[in-house]
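Asks: Quick one: this structure, given as structure tokens, is what I'll be asking you about.
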Amino acid sequence: MASEKPQDLMVTCTAPVNIAVIKYWGKRDEALILPINSSLSVTLHQDQLKTTTTVAISKDFTEDRIWLNGREEDVGQPRLQACLREIRRLARKRRSTEDGDTLPLSLSYKVHVASVNNFPTAAGLASSAAGYACLAYTLAQVYGVEGDLSEVARRGSGSACRSLYGGFVEWQMGEQADGKDSIARQIAPEWHWPQLRILILVVSADKKQTGSTVGMQTSVETSTLLKFRAESVVPERMKEMTRCIQEQDFQGFAQLTMKDSNQFHATCLDTFPPISYLNDTSRRIIQLVHRFNTHQGQTKVAYTFDAGPNAVIFTLEDTVAEFVAAVRHSFPPAANGDKFLKGLQVAPVLLSDELKAALAVEPSPGGVQYIIATQVGPGPQVLDDTHDHLLGQDGLPQRDL
């Protein structure tokens, strides 16, 4: 893992995307990124969706630098600086409490960071969460920082603290003004519910018009519904969702997931001026899910939407193939039909005439660009193979990222 010079160090890690089923929207402290309500998420498997980050430090580096998906970005970005400051503070604290100087590196060294996503950035696929979780985790490996990294990741992106763990994760809003108790914790491991499957319906890979940071700040300032949601709705939903997950109650899990997604987007519409992250295709998907469930006579599929038009679908293994066929029927692939489904393999099935009639949709060719099939997955991982490094020995990107 280390580079050739013993005083330098290079580490590469991966981190997952998480999808909230009880949504986080709104901060009570913009600087510390403290939420107005707790939230709960599902960690997606890194075989399909991940961020890979390499961090290198060297006495030869003259400044901190960062490359995202092959492009050099402004290292002075406030949230990035907050992460770096926090991890260096923890590293200094660790060093001062140990006997002697056990760390073979200097905290004064500059850092180079390269990070790549294998999914569309800023299109509502929680790229900032995976990115900052990966940054925090990789920096911690470099600086020898142990323990909970919620505070480091949270300073970059609030929901990033949930990507520090696999399985099902709760971000506790906390009560302290300094945010020390605003941390993520795993409520069930990734192997807890093996039948659960996730489908990401990519409607648009374009960058969203209203970013999450600006959007939620406006909502906090103007939406009375958001205040009611945070204080009177979410606390009980957190308990109920935790129960549904622990008991593998898919009906309860699915219905609550959809209701919470709907309420989140209702608070966006209650914001002034209103924010709309969903588009016509998003709304068609919502309609499709409800008609599919009605035909089945029970809730077999659930949708949730973050701050973007892409749908995340939760279902069980025995329903995946039929629902994918329903999506193909409703949103026929415009081209490259063989690339319409990515990720886990899903066997093709034919829809019954009864289900086609129940869906009663006017086909919308190309409305869904592609589907990513995945499952619940683990938290961040260290990559031990030096061939995985995104930076060369000179500390610069060593390949086309």
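Glycine is no exception: its Cβ is also placed from the backbone N, Cα and C atoms.
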Asks: Return the residue out of Thr210, Thr213, Thr224 that Swiss-Prot annotates for the same (R)-5-diphosphomevalonate site as Tyr24, Trp25, Gly26, Lys27, Arg79, Ser157, Gly158, Ser159, Ala160, Cys161, Arg162.
Replies: Thr213
Asks: Report the member of Tyr24, Gly26 (the binding-site residues) whose C-beta atom has the most other C-beta atoms within 10 angstroms.
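Replies: For the binding-site residues Tyr24, Gly26, the Cβ with the most other Cβ atoms within 10 Å is Tyr24.
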Asks: State which of the following binding-site residues has the fewest other Cβ atoms within 10 Å around its Cβ: Arg79, Arg162.
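Replies: Least crowded of the binding-site residues Arg79, Arg162, by Cβ count within 10 Å, is Arg79.
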Asks: Please work out which residue of Gly158, Ala160 has the most C-beta neighbours within 10 angstroms of its C-beta, and give that one of the binding-site residues.
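Replies: Counting every other Cβ within 10 Å of each candidate, the maximum falls on Ala160.
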